[in-house]
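K.L.:
This structure is in C-alpha cells; I'll ask about it shortly.
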C-alpha cells in the first residue's frame, strides 16, 4: 500500500528516481556517490510521508571545486523536465552570459526533454547592454535545437532561483555566477567548471508541488 501511494505522488516519484540512481551508482562501484543518493532518497521519502515538502542546504566553501552545473543539478534533472524558470538579475557581463549558455547546454542534454526556458533578469542600460544583446544569439541557437527561450526584464528583481517543472526549486546565493575567474584561458577549470574554484555561497534545494511559477 505504501509503495503504491509513493508511486502515485510527484514527490514520491522523484524519491524513486533518486533511489534508482543510487542503485546504478552502486552497480558501478561508485559507493560514496551511491551512499549520498541512498540517504537523500530515503530522506525525501520521509519528507513525503510528513508533508510533501523537502529542503536541503549545501554550503559551498571559498575556493571549493567540484560544483559545476551538471554536478550540482543532475540529481534533479530527468526526462520529466520540460520547462525551466530562471530568475537571476545578473545575466549581463560576458562571463555571466557564458554561465547562462553553459547552463542551457546542460538543459538540452539527455535525459532532459526541455522545450521552454524562461529567463527573468535585469536590463543593463549601460555599456553592458551591448554584451547583453548576446541573449538573442543564445535564443536563436536554442531555437535550432527545438527549445524556446523566453526573456523578460525587471528593474526590481533581486531574488535568484531556478525552478524545474518536476517540482524542484534551487536557490543559489550568487545565482549562476558563483565561479571565480580562471587564472588564464589555458588553465584547468577554464572549460570544465568542476575544476573551477568557487566563491563562497549557499545553495538551498526545495521540492514542493505548491512552489509558484513566474
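A Cβ is built for glycine as well, from the same backbone N, Cα and C atoms used for every other residue.
Caution: TrEMBL annotation is automatic and unverified by curators.
Feature list, courtesy of TrEMBL:
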| type | residues | note |
| --- | --- | --- |
| DOMAIN | 14-51 | domain 'MIT' |
| DOMAIN | 66-207 | domain 'MITD1 C-terminal phospholipase D-like' |
K.L.:
Using DSSP, what is the helix/strand/coil residue split across the domain 'MIT' (14-51)?
P.N.:
34 helix, 0 strand, 4 coil
K.L.:
What is the number of residues in the domain 'MITD1 C-terminal phospholipase D-like' (66-207) that are helix, strand and coil, as DSSP sees it?
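P.N.:
The breakdown for the domain 'MITD1 C-terminal phospholipase D-like' (66-207) reads 41 helix, 35 strand, 66 coil.
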